[in-house]
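Worksheet for the structure shown next.
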Amino acid sequence: MWSKLALLIIKNRRLLVGLLAIITAFMAWKAKDVEMTYDFAQVVSPDDPDMVYFQQFKRTFGEDGNVLVLGLQDSSVYRLGNFNELRLLTDTLSKEEGVSGVLSVTKLIQLTKDTANQRFAAEPIFRTFPQTQKELDSLMRIVNRQEFYKGQLISPTTGATLLALTMDPKYLNSSKRQAVMKNILDHAERFTKKTGIRLHYAGLPYVRSTMTTKVAGEMKFFLMLAALVTSATLLVFFRTWSAVVFPLLIVGVAVVWCVGTIVLLGYKITLLTGLIPSILIVIGIPNCTYLLSRYHYDYRISGNQVLAMVRVVRKIGLVTLMNNTSTAIGFFVFCFTNIAILYQFGWVATISIFAAFFISIILVPIVFTYLPPPTPKQLEHLDAKPLTKLLEFFDYLVLERRGTVYGIAFVLCALGALGASKLQSVSYMVDDLPKNSSVNSDLKFFEEHFNGVMPLEIVVDTGKKRGILKLSNLERIDRLENYLRTQPQLTSPISIVTFLKAATQTFYNGDPSYYRLPDNSERNFILSYLARSRSAVPVASDSTAADSTKTVATSPKAAASMNDKLLRSFTDSLGQKARISLKIADIGSRNLDTLLITKIQPQINEIFKGTGMEVRMTGTTILFTKGNEYVIGTLKESLVLAFALVGLIVLILFRSIRSVFFTLLPNFVTLLLTAGIMGFFGIALKPATALIFCIALGIDGDNSIHLLAKFRQEMAANGRRVKAAISTTLSEAGTSMIYTSIVLFVGFSIFAFSEFGGTKALGLLMSASLLITNFSNLILLPALLVTFEHGKDETIDSALIQHYDEQYHEEDDDLELNLNRIKVKPGATLPPVAPTAPQGNQPGEA
């Protein structure tokens with residue numbers, strides 16, 4: 001079949017080039033429509049109970065992760081000129097497209113008591129720009145009496161303050177977000193230049209915008225770096241520009257197809273799919289290396305370009321396909337997950353890897369039969385033996401020191417297991433960004449002054465209509481909030497309780513000592529005041545700002561009743577459920593679990609015991625933590641599936657259970673040592689690092705298949721003598737395996753330059769895995785082959801590794817190909833077959 005395929009390719013070169021050009025042009029046309037994703041990655045199954053509850057929460061109360069905060073700590077902001085600049089910034093941002101509302105100290109609203117009409121009125125503290133420092137100081141004293149805002153907009157201990165911007169979800173989850181964020185940051189920078197006051201930024205909209213920008217930038221950077229690094233590697237190996245330029249053009253076509261595939265499948269560029277084009281260059285170049293090396297070898301023997309290419313496709317086409325299949329398995333297993341970001345990554349990578357193979361198997365024969373024949377200088381690399389001594393040392397270890405090999409392997413596995421036992425599963429909301437990034441430093445600012453900005457929600461469901469206004473229920477919520485205030489990782493909560501406390505304070509003419517829940521005698525008076533009130537509801541740094549800060553207290557047309565606003569902000573429409581909103585520091589998934597499970601949940605159980613009320617914690621932060629656990633569990637299942645699929649491929653190829661064992665054991669050792677490295681160096685197990693094991697298994701499996709295929713070939717050639725076959729396999733296949741691993745090692749190492757922690761880990765750990773797998777497949781695997789045959793030069797049972805190509809080892813005979821049927825227009829006439837040249841190393845042979 002492969003001989004016919006080779007003849008078909010060479011005979012129809014122009015037709016195939018035209019066909020590939022049309023497909024590439026179509027893919028390029030589709031690729032221009034590729035978009036970045038602006039949605040927050042959902043990694044928890046839509047059917048998960050916590051996810052279902054969170055979606056229900058958002059339908060009831062709105063988004064919890066759409067607040068962008070700008071913070072500052074500088075006493076000079078309370079100087080008249082700077083304060084008015086802050087007021088101007090607030091007003092400017094509130095008019096920005098995509099911003100639903102802005103809350104800052106300059107736009108605070110206070111409740112006032114209207115005794116004549118027995119109602120509350122919401123009035124802005126700063127009606128106009130203060131004209132004098134004395135006026136500003138007087139108004140700030142009123143601000144400092146508003147207990148409702150303490151810990152929300154103003155830090156009571158450090159004096160830091162913030163601006164809370166509620167983003168419109170329609171802009172937040174679209175390409176317009178970047179423009180909106182740029183405008184906001186431009187306005188903020190102008191404020192800093194005018195006042196000299198530094199602003200800090202945080203909140204999920206800012207984090208998501210920053211990451212989106214970096215993903216787009218790194219995608220381009222790694223494409224260029226991967227091309228540069230692989231070009232240099234190819235030039236070192238082949239020492240000719242044709243062997244550099246054309247393989248890069250071939251993988252370039254594959255990259256275009258990859259991006260086009262993303263669009264055709266309806267996907268967008270994510271943190272993972274953005275890596276595929278670069279990975280494709282790294283993985284696709286070895287395809288060209290295999291084919292080109294074997295072409296040079298066969299051309300030196302035959303002196304005939306067409307005959308050499310036919311031999312290339314015929315002899316190593318199948319094994320190259322199997323190598324690509326093994327690599328694809330590491331990605332394909334993600335297609336079985338129900339996590340969108342992994343599912344999309346798996347499908348795009350799998351399709352792209354097979355597309356790269358077929359592009360290579362078609363274009364390499366076409367391109368290099370169109371080019372002039374390789375010169376003797378270009379074939380010199382076939383005789384280069386820089387690794388001969390190393391491979392001879394490996395051969396000595398395998399044949400004479402297998403006990404030492406197994407001893408060292410056992411010790412390393414023990415150390416790997418010890419390191420793996422130190423692995424911890426922990427992740428942070430922004431741990432993909434470098435520790436010294438502005439995002440992390442700004443986040444520390446908010447954690448220091450406000451205890452954090454990551455959203456956390458608690459919902460109290462009384463089960464009864466208007467049950468939330470029952471005083472005993474309000475007191476229980478108050479007890480829970482008082483406990484939450486004792487936790488240093490949490491901000492002060494905000495809820496209907498805190499608002500009723502503010503109403504009680506207002507009822508007593510703003511006296512801060514009355515910031516408490518109304519008692520039974522006060523409750524009806526205060527609620528009746530609220531029911532007759534018409535104004536906007538003052539809220540703190542929460543997503544409810546969208547409903548309040550665009551309306552002025554004196555605008556009756558824009559304002560709804562106080563009671564309606566209250567219900568919409570802090571309770572559901574029936575008054576059955578109450579929302580407790582707070583923010584939390586980015587303390588990591590393990591500490592978050594400890595806080596929620598061992599501290600907060602026991603308090604909830606104690607306070608609401610026997611009431612029949614349901615109290616649940618939810619929010620983006622909790623779903624993020626659960627998502628990490630969910631992804632890691634899914635990736636463990638994917639790793640098991642990857643082992644099974646690689647084993648199945650080996651079983652189909654060689655029809656031997658022992659061959660499956662020979663393949664999987666060295667690769668298991670590689671993954672165990674990789675896990676050990678992670679444990680000893682404190683690299684946490686999280687989605688980005690757990691992903692590596694499946695990908696590494698697929699790529700590392702290539703080497704095992706490569707060596708076993710070559711070993712089977714040599715067994716057939718030398719009368720099934722084990723030691724001779726091992727020695728020949730190491731001397732010939734070992735060189736190409738090391739060269740290919742160098743390309744992959746150098747290629748994956750470029751990801752170590754990423755700003756994202758997960759991508760950096762991918763580069764470092766994949767490079768380490770490739771280094772380890774070379775030794776396990778060139779030392780441990782051959783040792784196992786010899787040992788299982790008792791280490792003697794005796795024949796192997798023919799069932800050990802079944803031959804998958806009966807003519808794989810035979811040299812082509814001119815009589816088996818009627819080359820006269822192939823009309824090669826652009827090249828010279830086909831020369832007669834040259835005498836067989838002495839055989840050298842076969843760097844591209846499987």
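Glycine residues also receive a Cβ, built from the backbone N, Cα and C atoms like all the rest.
Automatic prediction, not curation, is the source of TrEMBL annotations.
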(request) From the ranges 23-43, 275-295, pick the one that TrEMBL records as transmembrane segment. (result) 275-295
(request) Could you tell me whether the transmembrane segment (639-657) and the transmembrane segment (316-341) have 3+ CB pairs under 8 A, leaving out pairs under 6 positions apart? (result) yes
(message) As a quick check of your reading of DSSP, tell me how many residues in the domain 'SSD' (248-370) are helical, how many are strand and how many are coil.
(response) 110 helix, 1 strand, 12 coil
(request) Could you give the residue numbers and ranges of same-chain residues that sit at least 6 residues beyond the transmembrane segment (765-788) on either side and whose C-beta is under 8 angstroms from one of its C-beta atoms? (result) 391, 394, 397-399, 402, 405-406, 409, 658, 661-663, 665-667, 669-671, 673-674, 677-678, 683, 689, 692, 695-696, 699-700, 703-704, 707-708, 711, 722-723, 726, 729-730, 734, 737-738, 741, 744-745, 748-749, 751-752
(message) Looking only at the recorded stretches 221-238, 245-269, 347-371, 639-657, which one has the largest tally of CB-CB distances under 8 Å to the transmembrane segment (730-753)?
(response) 221-238
(request) Sort the residues of the domain 'SSD' (664-787) into helix, strand and coil with DSSP and give the three counts. (result) 111 helix, 0 strand, 13 coil
(request) Quickly jot the same-chain residues contacting the transmembrane segment (221-238) by Cβ under 8 Å, restricted to those at least six beyond its ends, or write none. (result) 244, 247-248, 251-252, 255, 275, 277-278, 281-282, 285, 289, 292, 378, 381, 739, 742-743, 746-747, 750-751, 753-754
(message) Mean pLDDT for the domain 'SSD' (664-787), rounded to an integer?
(response) 85
(message) Out of 245-269, 347-371, 664-684, 690-709, what stretch is closest in contact terms to the transmembrane segment (639-657), meaning most Cβ pairs under 8 angstroms?
(response) 690-709
